Amino acid sequence: MEPVDPRLEPWKHPGSQPKTASNNCYCKRCCLHCQVCFTKKGLGISYGRKKRRQRRRAPQDSKTHQVSLSKQPASQPRGDPTGPKESKKKVERETETDPED
């Protein structure tokens, strides 16, 4: 390797930049022309800054939203409405009446 001038900034070192400038073309030839273009264009990986998304602000009338939630009917319990104790008794009765011997 050739010695690098220590006064040069690292991004200006020879070989630090691709020989041809990157462009916005996404054709196969441009996507595969160097490793940087392949990762950015071909694989879609970019490590740049991500823009912060603004969170949606709650409406000013937040109390009415709480009231509308309380008016909704309570969710129905799933499963056997009689309860788990009675269903166990049913299973016990069925096993007694069906002898497998």
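Glycine is no exception: its Cβ is also placed from the backbone N, Cα and C atoms.
Its Cβ taken as reference, K28 (N6-acetyllysine) is surrounded by 10 other Cβ atoms within 10 Å in the chains shown. What Swiss-Prot records for K28 (among others) is N6-acetyllysine, and it gives sequence analysis as the kind of evidence.
Sequence annotations record features per position, and here Swiss-Prot assigns N6-acetyllysine to K50 (among others).
Under the heading N6-acetyllysine, Swiss-Prot lists K51 (among others). In this chain, no residue six or more apart from K51 (N6-acetyllysine) has a CB-CB distance below 8 Å.
In this chain, no residue six or more apart from R52 (asymmetric dimethylarginine) has a CB-CB distance below 8 Å. Taken from Swiss-Prot, the feature asymmetric dimethylarginine applies to R52 (among others).
Note: R53 (asymmetric dimethylarginine) has no non-local neighbours, i.e. no same-chain residues 6+ apart with C-beta under 8 A of its own C-beta. DSSP classifies R53 (asymmetric dimethylarginine) as coil under the three-state reduction. Taken from Swiss-Prot, the feature asymmetric dimethylarginine covers R53 (among others), and the record attributes it to sequence analysis.
Residues annotated as region 'Interaction with human CREBBP' in Swiss-Prot: 1-24.
The region 'Transactivation' annotation in Swiss-Prot covers 1-48, and the record cites sequence analysis as its basis.
Residues or ranges marked as region 'Interaction with the host capping enzyme RNGTT' by Swiss-Prot on the basis of sequence analysis: 49-86.
Across the region 'Transactivation' (1-48), the prediction's mean pLDDT works out to 77. For the recorded site, K28 (N6-acetyllysine), the DSSP three-state label reads helix.
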